[in-house]
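Chemist: Sharing a structure with you now.
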Amino acid sequence: MSYREYRDRVLNFIEDHEHWRAHTINLIASENVTSPSVTRAVASGFMHKYAEGWPRQRYYQGCKYVDEVELIGVELFTKLFGSDFADLRPISGTNANQAAFFGLTQPGDKAIVLHTSHGGHISHMPFGAAGMRGLEVHTWPFDNEAFNIDVDKAEKLIRELEPKIVVFGGSLFPFPHPVKELAPVAKEVGAYVMYDAAHVLGLIAGKQFQDPLREGADIITASTHKTFPGPQGGVILYKKFGETEEIAKLQWAIFPGVLSNHHLHHMAGKVITAAEMLEYGEKYAAQVVKNAKALAEALAEEGFKVIGEDKGYTESHQVIVDVSDLHPAAGGWAAPLLEEAGIILNKNLLPWDPLEKVNEPSGLRIGVQEMTRVGMFEDDMKEIAHFIRRVLIDKEDPKKVRRDVYGFRAEFQKVYYSFDHGLPLRE
């Protein structure tokens, strides 16, 4: 095979992927789709440029245009989230978490985070960014019934450990975390309050979730490609806290600490996404939550065990389903089978699962943000729930269901809540 043929194969795989994705029901809770305008920015000549440091204070020449874009981004992000500062340089959510841990803590400091089985992100763990910083990692007490942090036990743990940092947020995140209740306790013992908003950043921007900075968080870290429908990347947002020296340490941890150049084409895409969210974000986020609730209710009606019934199932983009009663391999069986039908989601540990069950966990994690962005409403969630039932409960041939999924999804080919296509219209 010639090298040109390798090139052709790669381009063909990309084309195949794009067609496949446009005709699947993508319910991965950590993904989204960008608008044509954002896609244009990411594919721009900004990808060829290198920049280090702050706008207008670069270590490289030739940055006058990228500087202007980044300054617009700082303006838009601070307006969108009501923060005093916005740093668009992190290149992922984990990279933002690294910067926060390195800027605000020292090796040997104590941290309280959410356990992986309870929805905590791997970067918060001893084997992730927190551990790489040398933190002594402890986990929040968790109430399995409430599917949330146990506030009373958490208060006691904070006072007992006197941690340097406490971390809210995670990857399994159907309900707001008790920031307002626990932030004052953390600050009593001198701890920083960090909120990892990777999954819910778009809902916060759209005023449909808790407002961490107003509830007591010192700093928000996040990725920019989940409910916030931008390109893959990260961001750090914070109010003024502590001494100027502390903020300087945080900024120093970002550059030169955990990154140098910050992928300027993705930065430009983040900026346009922030503008889209200022224009359309409240309507988008509200519909995301409506769709999540509608899907949860529809799945329950179809016979699935949906977590959180007594709390309205969800207040975010996520729906959590326990499929352990359907097959011994549970999520490890269900997710691949649904993929055959063109329904893409992921298996997930539930709070009562031991870590050893990571490959065959009890749960499925479902996110509706991307299907919302392509114009789906509550009635469409009922269709999706029925597709899932046909595969997992009725044991229908996934390939047969795939044909119906393909036809259903073909009707949703525009990206709404954007300057390119505006708002979707209900049928």
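Including glycine, each Cβ sits where the backbone N, Cα and C put it.
Copying in the features that Swiss-Prot gives for the protein in this structure:
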BINDING   Gly120, His121, Ile122, Glu243  (6S)-5,6,7,8-tetrahydrofolate binding site
SITE      His225  site 'Plays an important role in substrate specificity'
MOD_RES   Lys226  N6-(pyridoxal phosphate)lysine
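Are these features on the surface or tucked inside, and what are their neighbours?
Modeler: DSSP gives His121 ((6S)-5,6,7,8-tetrahydrofolate binding site) a coil state; it is part of no helix or strand. Counting every protein chain shown, 26 other Cβ atoms lie within 10 Å of the Cβ of His121 ((6S)-5,6,7,8-tetrahydrofolate binding site).
The secondary structure of His225 (site 'Plays an important role in substrate specificity'), as reduced to three states from DSSP, is coil rather than helix or strand.
Other C-beta atoms found within 10 angstroms of the C-beta of Lys226 (N6-(pyridoxal phosphate)lysine) number 28, with every protein chain shown included.
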Chemist: Quick one, of the recorded positions Gly120, Ile122, His225, which Cβ has the fewest other Cβ within 10 Å?
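Modeler: Among the recorded positions Gly120, Ile122, His225, the lowest count of other Cβ atoms within 10 Å belongs to Ile122.
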Chemist: List the Cα distance (Å, whole number) between Lys226 (N6-(pyridoxal phosphate)lysine) and His121 ((6S)-5,6,7,8-tetrahydrofolate binding site).
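Modeler: Spelling it out, the Cα of Lys226 (N6-(pyridoxal phosphate)lysine) and the Cα of His121 ((6S)-5,6,7,8-tetrahydrofolate binding site) are 14 Å apart.
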